[in-house]
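All remarks here apply to the structure that follows.
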Ligand SMILES: *[C@@H]1O[C@H](CO)[C@@H](O)[C@H](O)[C@H]1NC(C)=O
């Protein structure tokens, strides 16, 4: 770095969401409840799918994998945020900040690709029902999952390579409740225009790209169902509209934050709440608890564990 006036930044100060005590109390309650409920709901789903052999099919494996990822989505940011809420000075170490950004993007990228894989699975099931079992077999499913994680990790590494060696000049305040890339790179004392372009090209591309693939596959499914039976359309519509709600809630903030990183507005950090708390909580409710087989399987598990207690 040439030993100029660059200072070493050891810790990052997070501004947080609010400084009003009443609001902090409200946020503490709301975040804790949503976080715990989300973790429990997702954990229950993973447990049910793994332990019930009736659910050993690609669709449920993918659902369980989504739940597994959702547990991480909120765990990367929310516990620290809750812990920090009442602290006057919210700090995170420089390494902690880099680690947080790395995992946010690994998990975020993987989740986006996984949602596309799940849409693909539904597309094959609905539009190619006779070939479903040959196309979506266990091997394809595992391959797609490995691909999702590979894309997520690559996506995150590519961005961080440009960030870890940035020169800093002392300012270390991030106006958010966690370390995120668009705000973090503003701390650097260098021309960040190209960096912002890289973030947009990478994170913006992956969020916009997967979002459009999802919307197009939903439209495809709806049109196919509509052509084959008008009766099935309303059922497909009700399922897909639930999926679309999650997708819009999840992708909306991401697209807003990463596709226009040049413009960092205060509303960004409030939008991020949707991604780290609301969607990981809603996903199990929308993808799984509306599903009949899943409900039956859960009841079976509860019954079994009750019987074990009695004997
Ligand atoms: C993810 O899916 C694979 C099947 O490809 C399955 O073996 C695995 O148990 C799933 N993981 C979780 C956490 O459910």
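Residue positions begin at 1 at the first shown residue.
Placed from the backbone N, Cα and C atoms, the Cβ positions cover glycine too.
Proximity of distant same-chain residues to the transmembrane segment (25-47), defined by a Cβ-Cβ separation under 8 Å and at least 6 residues beyond the stretch ends, is recorded for 17-18, 63-64, 67-68, 70-71, 74-75, 78-79, 81-82, 85-86, 277-278, 280-281, 283-285, 288-289, 294, 298, 301. Taken from TrEMBL, the feature transmembrane segment covers 25-47 (among others).
Marked as domain 'G-protein coupled receptors family 1 profile' by TrEMBL: 41-287.
According to TrEMBL, the transmembrane segment annotation covers 59-78 (among others).
Among the features that TrEMBL reports, transmembrane segment is placed at 98-120 (among others). Long-range contacts of the transmembrane segment (98-120) within the same chain, counting only residues at least 6 positions beyond its ends with a Cβ under 8 Å from a Cβ of the stretch, are 59, 62-63, 65-66, 69-70, 72-73, 76-77, 80, 92, 144-145, 147-149, 151-153, 155-157, 159-160, 163-164, 178-181, 184, 203, 206-207, 210, 213-214, 217-218, 221, 243, 247, 250-251, 254, 275, 287.
What TrEMBL lists as transmembrane segment is 141-164 (among others).
The transmembrane segment feature in TrEMBL is assigned to 205-225 (among others).
If you look up TrEMBL, you'll see 237-258 (among others) marked as transmembrane segment. For the transmembrane segment (237-258), the residues of the chain that approach it from at least six positions outside its boundaries are 108, 111-112, 115, 119, 180-182, 199-200, 203-204, 207-208, 210-211, 214-215, 218, 221-222, 268, 271-272, 274-275, 278-279, 282-283, 286-287, 290, judged by C-beta separation under 8 angstroms.
The transmembrane segment annotation in TrEMBL covers 270-289 (among others).
Counting same-chain residues at least six beyond the ends of the transmembrane segment (270-289), those with a Cβ under 8 angstroms from any Cβ of the stretch are 17, 31, 34-35, 37-38, 41-42, 44-45, 63, 66-67, 70-71, 73-74, 76-78, 108, 118, 176-178, 180, 242-243, 245-246, 249-250, 252-254, 256-257, 295. Packing against the transmembrane segment (141-164) from elsewhere in the chain are residues 58, 61-62, 65, 98, 101-111, 113-114, 117, 120-121, 181, 184-185, 195, 198-199, 202-203, 206: each is 6 or more residues past its ends and has a CB under 8 Å from a CB in it.
Looking just at the domain 'G-protein coupled receptors family 1 profile' (41-287), the mean pLDDT is 85.
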